Structures are given as structure tokens and as C-alpha cells.
Amino acid sequence: MFQTHQVNSHNDADGSNKTVPRVPLGRPVLRQWELTAESSKYEKSIAAPSDHDLVLMWTIWGTLLSILSLILLVIFLAVLSSKKARRNSFNLYLLFMIGPNMYYSSQCAITCAWNAILGHYQSSPMCLYQSWYLIFGSGANSWMIAVIAYELHRLLRFSRRRQRYFPPRRARVVTVSLLVYAWVAFLAFWGVLSFPWLPHDTNAQNGAFCIPIETNRRGSQITGWLLFLPLLIMIPFAYTLVVIADVVWNKLLPQRGAARVLAVYFFRLAGLYALTWAPTFVVLYAVRDQGPWVTWGWGTISHLHGLLAALVALWKPDIAQAFRSFVSCRADHGCRGCVCATVNSSTMESSDDQLEPTSTHHGQDDEDGTTCNLSSMGDSATFSMKASSSSSFRRLSPLPSVLAIIEEADGLEP
């Protein structure tokens, strides 16, 4: 049984009043083999498998999500370090969509690893925090896809009417994305509260991970399906489906060109969300007799959304180019990404006056030095690095100056 610091009363369907813990601390309140035919939906939701199964679930999640977080971080930094990629407003939207995925994946990896080491769910505060970041991550994905769908719809409409389309300024992208973050953070905070009129309690789903769970209180299911879930994912997802239907029905998708590439790319992201998160929410909130491993399996698929979205991102040409440049240490503008620099073996120092622009060499070795081919926005420039035969290369920081990014995003045309 979980040791608890707080209990809430819930009315079962037969009108009886049972007192069950609200959040876990230590051990599960109920095990799978303790369920009976009369067990309520809430009891089926919190009933945990054996400790061995829980540790196995947490170990797999911790390993998988650690790898996923690293992949997302590399793609995030690749786009951020590429001036060409981040100039595109839609790529900024992509960054704001990757951010929540990276955040909740890394936090869940830490939580699961910690639980696996302890052999049980660690604490009530962690349960509340996990509920918050899981709801925040899933809701932010859904609303960001809807925001992107809105802008894509405008783009395709303007393109169909042969009107000039002006992408949103980067300052507007940042503002809208932060408003989305604030909204889903507010919704996620509901799981931390314990007001009796709220449609759910936060507890460990089958003892494995914490989310707001539908209770036995009268009206809990109705309130959850008509208030909480619509505000979190159903409204933005429905809007995205309407946009896709309008694009298909009115044949707004061009046969070729950049607009088609962009639209197909982001609609693929919407499709991935539908195939991963939507069934997970149905399993968690509509079906209750599937067993802990089925719930765990759909939870794993929902976590894979971040990885699949990252891989789909690499199909977008400018993102793919930014990724290749980042991992191979090739800058795309003015040595502000990964930079090749020479280091004298005797002094281990490099000097700015060692970089001299040339116009005749493109990535070829010079007699008295080496060259690093740097390109930006289709224009290429080559810098010949004067170095002695004992010189070697070192990599400088792949991240651009934060101040430079802020200056670019403030009041400049996208």
C-alpha cells in the first residue's frame, strides 16, 4: 500500500463512500490481483502490477527517453545554430514544438530512472510534478500544431489566390508560442490542485506514471470529457483536422514548390500526433480494463512522438542541411556555427588575424594552410587559414551568441 499524506473521499457507483489516497508515496494503494468484479474505474486505473514489472517499465522508459532527449537536443541546437534555418518563421515554430518534447522527455527519463533505482515511486511531490510536465508536454504539442496549421492555411490560401504572403515576424512567433505555453501550463496546473469540483485526482496510473485520473465522483467523467480534454487537446486537434480537410477539399496544396514542401512536412507532424497521442488519451480516459502493460505500451508510443517528429523534421531540406552542418562542424554564416580554427601546437592559441578571405579556393588545401568552406543563404565564402605544418584543428562553440539571436528576432523581417 502507498503511504500517504492526504486522502480524498470518492462515491462509488453504488453510493458507498471509500477513502483512497490522492497521491502515492512509497507503495501502491492497490495491486492488480486485488481487483474484483465490483472494483470501480478509479481502482482499475491505480491498481499496480508487481514491483518487478514496475521496475522493468521504468528502466525501459528511462533508457529510451534519455536517448530521445539527446536526439531532440541535437536537432534543436542544429536549427538554433543555423542562421538560415532560424530565419524561417515556421522553423521557429518547430523549435517551440521541439522544446516541450525535449523538456518532458528529459524529466520523465530522470523520474523513471530514479523510481527504478528506488524500486518504487519516489514521492508525492514528484507525482504532482510528473503530472504537470506530462500534461504540459502533450497539450503544448497539440496547440502548437494548431497554430502552425493556421499559418499554413493562410499561406496556402494566399498562394491559391496568387496573393503575396507575408510570414509572421519572429517576434510574433515567440509571443504566440509563449502564450500557448502559458495556457497549457495553466491547464496542467489543474492536476496539482485538490478542489472537489475538479473532475480528476492526480495519482499513479497503474502505479507507473502520474497523470490526472478520472475519479468516482458524480460528473467526473462528463466534466473531464466536456471541459478538461477539449481545452487540452480536442479543440486544437479538431481545428487541425478542419484545416487539413479544407486543404484537401479545395485542393489548396500546390503541385510543386516551397509551399508544398512546407505544408506536407507539417501535416505529417499532425498525422504523427494523431497516431501517437490520440489513442493514448483514449486508452487512459475511455478504456480501463486493458491492463498495466497495454497502458505502458501506449504511453511508450506517445513518448515516441517526439522521436518520430524529430526524424520527420530531417526531411525538411533546410533542417536537414542545418543538422548536417551542425554534426559535421560546418558553419552556414560568418563562422557563427561550428567553426574551423587553427591551433599552433607550441602555443595552442588561435588568432583572428589568421583568417583571410579568399575568392579562388572552395574547400581546397592551400600551400601554407588549410581552408574551411563557409556558406550562407546560397552565397559562399572561403577563408584561408594560415597555419604551420604542426597546426591542428579545434572546434569552437556550436552555439551562436544569444544576444545575436535576440537582436535578429526583434523587429526584423522574417
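Quick reminder: no glycine exception, Cβ is built from N, Cα and C everywhere.
Keep in mind that TrEMBL annotations are predicted by a computer and have not been checked by a curator.
Feature annotations, reproduced from TrEMBL:
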- 1-23: region 'Disordered' (REGION)
- 1-19: compositional bias 'Polar residues' (COMPBIAS)
- 58-80: transmembrane segment (TRANSMEM)
- 92-117: transmembrane segment (TRANSMEM)
- 132-152: transmembrane segment (TRANSMEM)
- 173-193: transmembrane segment (TRANSMEM)
- 225-249: transmembrane segment (TRANSMEM)
- 261-287: transmembrane segment (TRANSMEM)
- 293-315: transmembrane segment (TRANSMEM)
- 349-377: region 'Disordered' (REGION)
Surrounding residues of the transmembrane segment (58-80) on its own chain - C-beta under 8 Å, 6+ positions past either end: 86, 91, 94-95, 98-99, 101-102, 105-106, 108-110, 112-113, 115-116, 208, 299-300, 303-304, 306-307, 310, 313-314, 319, 322-323, 325-327, 398-400, 405
Within-chain partners of the transmembrane segment (92-117) [C-beta distance under 8 Å, separation at least 6 from its ends]: 54-55, 57-59, 61-62, 65-66, 68-69, 72-73, 75-76, 79-80, 86, 126, 129-130, 133-134, 136-138, 140-141, 144-145, 147-148, 151, 170, 173-174, 177, 180-181, 209, 269, 303, 305-306, 309-310, 313, 319, 409
Contact set, same chain, for the transmembrane segment (225-249): CB under 8 Å, 6 or more residues outside the stretch: 135, 138-139, 142-143, 145-146, 149-150, 152-153, 156, 184, 187, 190, 199-200, 212, 263, 267, 270, 273-274, 277-278, 281, 285
